[in-house]
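What follows is a set of notes on a single structure, which appears directly below.
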Amino acid sequence: MSEQTSSARQHSSEETMDVAVLGGGSFGTAMTKVLAENGHRVHFWMRDEHQVKEIRETGINSRYMPDVSLSGDILPTTDLEAAVAGAVAVFVAIPSKAFRTVIREHAGAFEAGQAVISLTKGIEKDGFRLMSEILQEEIPRSKIGVLSGPNLAQEIANRDLTATVIAAKDPDVRNVVQSLLGCEYFRVYANVDVYGVELAGALKNIYAIVAGLASALDLGENAKAMLITRSLAEMSRFAVSLGANPMTFMGLAGVGDLIVTCSSSKSRNFRIGYAVGKGQGLDEAAAELGQVAEGIRTLLLVKEKAEDMGVPMPLVGGMYKILYGGAAIRDVINGLMMAVQNSDVEFILPRTTSS
Ligand SMILES: NC(=O)c1ccc[n+]([C@@H]2O[C@H](COP(=O)([O-])OP(=O)(O)OC[C@H]3O[C@@H](n4cnc5c(N)ncnc54)[C@H](O)[C@@H]3O)[C@@H](O)[C@H]2O)c1
Ligand SMILES: O=P(O)(O)OC[C@H](O)CO
């Protein structure tokens, strides 16, 4: 173990555990690094044999994190069954589009009572399912958790100070994740509102696109504050109508993640909005990014769901018109600014209009 590794581990469990990380992208790589630096044996599953070979031989995942060197007890593999067998916890960082397929295909591999934690911030198209719901449906004998918060993968990999949230009903899951991941640069807070934490992580990606677009247009600092705050109001309104606890949105998974993703060009969703604001087409921007920006899909799903439920979401509606309806950005902004005046905090003063 390197000097850096032993110092990172000060606050985490002293016992070496077998853990699995599923998904060889940016976030899977960052979480693998934290777990390995904390002294655990990490079975790192990905589908690409070349990537496995590269990480095994060089410690580098050049496609997703070319500047990050992985060291410690990391076992890259394409064998998911072997990765999961005996793991005290399985962390899943597969984009929402492929999440169910991967879990279903390997459902038999997961053990009864095993902690399975989603790291994915997205929503499934059919049935508007969150990832924890997919886990519940596909591998119901597992103990399920969700990790979410202001967690830019690159910063975690750089050991920049970061906090996250583990949400799980089962205290054993909360405890094991805090113990496995916590260290001097990564602090893990707990919550029991699984649905709220997970929904916050998915929804903020939409508003990061909005914020990126605003940044491209150089709308000013007041506009940034207005957008972030109204995004929080809108996402909490939607989440509460689905049964989430509004207080969750005051925490790291809510306002915390919203702040980081809406104010940093390190966020892929923010970069999509910025590119569109600078006149690039959505498809071109997504192709150029070359990594997942969940907000693009989530926007479509949330717009449809909000309309079905009659929940007003003017920012979602406006972004949809820009990305998919060919609306002029300035017209949409003008429409939002000139809408009927409304309540600031609707949990104190209820909204009286549908605008
Ligand atoms: N990158 C971050 O900063 C960050 C932070 C927190 C949460 N997340 C979330 O984690 C999830 C994964 O994001 P990421 O940043 O790692 O994405 P990424 O684009 O960097 O990588 C995606 C990975 O998923 C793999 N993948 C895609 N389809 C697959 C399939 N069918 N089978 C197996 N593997 C498949 C790809 O090969 C790739 O390794 C997203 O929901 C994202 O919102 C990302
Ligand atoms: O790069 P993004 O936009 O997917 O955001 C990454 C994380 O979700 C930030 O918390």
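The backbone N, Cα and C atoms fix where each Cβ goes, and this holds for glycine too.
Automatic prediction, not curation, is the source of TrEMBL annotations.
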Further binder of sn-glycerol 3-phosphate named by TrEMBL next to GLY149, LYS204, ASP257, SER267, ARG268, ASN269, taken from the candidates LYS121, LYS125, LYS303, LYS305: LYS121
Spatially closest candidate among LYS121, LYS204, SER267, ASN269, GLU294, the listed binding-site residues, to ALA153 (NAD(+) binding site) (Cα to Cα): SER267
Between SER267 (sn-glycerol 3-phosphate binding site) and ARG47 (NADPH binding site): CA-CA distance (Å): 24
By Cα-Cα distance, the member of binding-site residues GLY24, LYS121, GLU294 nearest ASN269 (sn-glycerol 3-phosphate binding site): GLU294
Entries of GLY24, SER26, GLY28, GLY149 which, being binding-site residues, have CA atoms within 10 angstroms of GLU294 (NADPH binding site): none
Fewest Cβ neighbours within 10 Å, where candidates are the binding-site residues ARG47, LYS121, LYS204, ARG268: ARG47
